[in-house]
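Annotation source TrEMBL lists domain 'MENTAL' at 48-219. Among the features that TrEMBL reports, region 'Disordered' is placed at 1-23. Annotation comment: TrEMBL describes 55-76, 96-116, 123-145, 151-171 as transmembrane segment.
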Amino acid sequence: MNRVPGDTENAHSSSVESCPSLRDVHSINPTHLMARIESYEGREKKGISDVRRTFCLFVTFDLLFITLLWIIELNVKGGIETTLEKEVLHYDYSSSYFDIFLLAVFRFKVLILAYAMCRLRHWWAIAFTTAVTSAFLLAKVIISQLFSQGAFGYVLPIISFILAWIETWFLDFKVLPQEAEEENRFLIAQDASERAALLHPGVLSDGQFYSPPESVAGN
């Protein structure tokens, strides 16, 4: 007869000990998951990610830097107006740098249109601009007489070539993988929040956890 109250007390203590674990399970709140989802959707509403914005800034820097070097080259040759008329109005493929400037404008327009305005998530646009830039510069270096015109005959083609390939590397190894990773995290968080909403529709209060009163021995 003495074992019955002891068994009852053990059962009561085990039920009490199990309450925190149940509380922990039911207290799982998908709020933090929803916050992550909302932050991702907020970035999508802005239209462009931070890493893609950095890429677009670098493309703009490419155009401005080539333009700056070209203007310096015009001044070195004897004045902007005279040299500009010679390189633009009397364009000569073998001695003019105007086509390198136009090549930078071409890269800027294509890349900004593809990756800023159209938000393209593929590498074909950057591959096209880099291929055209590389082929044109190689042909110009081989055929033209730029190397006989001083330092700018080396600087402009080399810098234009390097900048084009840096843009390709940055997009292929930074922009596209990081955006794909963020999208995968968003899908995982969304799936987890949906599962949490189905498994735990609400947070249970402490008053919902109670233990039955001890039974009288012999009942």
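Note that Cβ sites are derived from N, Cα and C of the backbone, with glycine treated the same way.
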Item to complete: Go through 55-76, 123-145, 151-171 and flag the stretch with the largest number of C-beta pairs under 8 Å relative to the transmembrane segment (96-116).
Response: 55-76
Item to complete: Calculate the per-residue pLDDT averaged over the domain 'MENTAL' (48-219) and state the result as an integer.
Response: 85
